[in-house]
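This report refers to the structure that appears directly beneath it.
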Amino acid sequence: MIVRMIRLCKGPKLLRSQFASASALYSTKSLFKPPMYQKAEINLIIPHRKHFLLRSIRLQSDIAQGKKSTKPTLKLSNANSKSSGFKDIKRLFVLSKPESKYIGLALLLILISSSVSMAVPSVIGKLLDLASESDGEDEEGSKSNKLYGFTKKQFFTALGAVFIIGAVANASRIIILKVTGERLVARLRTRTMKAALDQDATFLDTNRVGDLISRLSSDASIVAKSVTQNVSDGTRAIIQGFVGFGMMSFLSWKLTCVMMILAPPLGAMALIYGRKIRNLSRQLQTSVGGLTKVAEEQLNATRTIQAYGGEKNEVRRYAKEVRNVFHIGLKEAVTSGLFFGSTGLVGNTAMLSLLLVGTSMIQSGSMTVGELSSFMMYAVYTGSSLFGLSSFYSELMKGAGAAARVFELNDRKPLIRPTIGKDPVSLAQKPIVFKNVSFTYPTRPKHQIFKDLNITIKPGEHVCAVGPSGSGKSTIASLLLRYYDVNSGSIEFGDEDIRNFNLRKYRRLIGYVQQEPLLFNGTILDNILYCIPPEIAEQDDRIRRAIGKANCTKFLANFPDGLQTMVGARGAQLSGGQKQRIALARAFLLDPAVLILDEATSALDSQSEEIVAKNLQRRVERGFTTISIAHRLSTIKHSTRVIVLGKHGSVVETGSFRDLIAIPNSELNALLAEQQDEEGKGGVIDLDNSVAREV
């Protein structure tokens, strides 16, 4: 539901500025320039720091290359998908293009540090040979004081300087890649969040918040690591492998041939392992998403769980998800263990073979001790590079698996495009017409909500939609806000179909207050001014009037910090009535031409409800339209017209409250009588209101 609230105004834009400014993220003018955070252009508040809890993602549209799908699928591709990851790998490197010069600098530093490392075996071999030669010479004929044409002091001084250069290059490489990786993660997360906020309600309704959080956090980190740190390690392994192989060939081509006999088995094992680990990685990330989803649900519903004593059941449910993650992790551990154990055995066998052949060559005089020592060290470097390349490939496959999940969301085009269409100049003084509207929710296609529904709401009316649960009252609001498109028919403002409007700008002209307002973690003032245009937010008198219209003044006076009181996550530190009044204050401050109230006064006391009703009546006098969805008599009687919906979403009667209540057998009277009967049996049983909506 919070996604819908964001979309009513500048929410997606605000979120991107809060999450990370795109211009700063994509800029590479300075490597150490962190992603910037735009400040809200509102003088009265601290920049927003909202925690957006989104309904998660699993729906995949058939849309390809901008063509609209007629049958969107409801699930992302299977976690066990065996499709090639090379396309995803290519996209990984395309994604890192803005950081290419820093990655290139890091690779140059790798070349420097690797060159220093690869010089060590040659130096050690030379020292060993010189030491063995000096044993057979007298002091006068000794040449052991000369190393590569330098005296010992000069040589070791130069060697120390080279080692320092190598250390600085290695440290610089690590710093650059860490910073580059963080920038890449920030860019990827911002794009993914933008893609999530642009999705249609059908997509969001059928998917899990935990899965989305997993894509934003762990998946994005894995992807960034695979094209920064992992590429660095792979490059280092390649350099060591080529240099090591070259030096081995220079020292002894016979021993090199012995070493290379074992290379093909290592390559084959690495290829098989990489493919296996990619699929396991994707399964693991999907399972982690499911685990996060369960944890998010349980933490949000803690009070309900405790009220019904469901702690043990929920712990078992969470433990089941933990076991799923554990079993996949176990498979990954066993696969990795078998691979590295096998390659280790192959490597040790190779080293033993080299020692056997090498010692025989020393005995025959075709190789010195120093040369064999250097060869063995280069063999270790070359073997390590093979292991490094195997690890590089497996990590790259992990990145491909995570990238597939992230790109899957980024590539998904919403069925309802939020930025296409003409700008609606104004909705004031325009009738709202539901013309032959038929609708079923995409997630429940067999359950008909509306069939040939016809409603006309005149400008300046306060219309109240009533009816039994499931009659489609709240669906009217969802269709007006175009969370969903109708199956047939049209919804028009004046003579213009709302599908022709730029959706994002259209929603900014409508006020919307839900039964259970979802407040952001911040101050009360932050929430009242959420998405309010700066020119309105700067008017202190207008803010005070809006607070008074929603009857917030009294309870705000009881808070020591007043408007600067923190509301907590999802408004947890406020009562239901206080949250509704804050949401109403936001709506009154915006003062839209069309205001939709979905059970927006259900938690208010009678005094607050009367104050709100009087201010809604003033909207009618000014020619503004209000649409209320309600069950309570106190709300219904203040409307100028009542629309009674039947069980199958049809209009069974319409008229003023006084006219309908005066008809003894009217549907409105029947609904109220049923409510009174329920009160006589122990209280009003209102299914729409009795369920705690912990969404």
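Each position is counted from 1, following the chain as shown.
For all residues, glycine too, the Cβ spot is worked out from N, Cα and C.
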Listed range which Swiss-Prot flags as transmembrane segment, given the options 372-392, 519-539: 372-392
Pro468 (ATP binding site): tally of other CB atoms within 10 A of its CB: 17
Spatial neighbours, same chain, of Gly467 (ATP binding site) - Cβ under 8 Å, 6+ residues apart: Lys473, Val644, Leu645, Gly646, Lys647, Leu671
Lys473 (ATP binding site) in three-state DSSP notation: helix
Positions on the same chain near the transmembrane segment (242-262), where near means CB under 8 A and six or more residues out: 114-115, 118, 121-122, 346-347, 349-350, 353-354, 357-358, 361, 367, 371, 374-375, 378-379, 381-382, 385
Sparsest Cβ surroundings (other CB atoms within 10 Å) among the binding-site residues Ser471, Ser474: Ser474
Greatest C-beta neighbour count within 10 angstroms, which of the binding-site residues Gly470, Gly472: Gly472
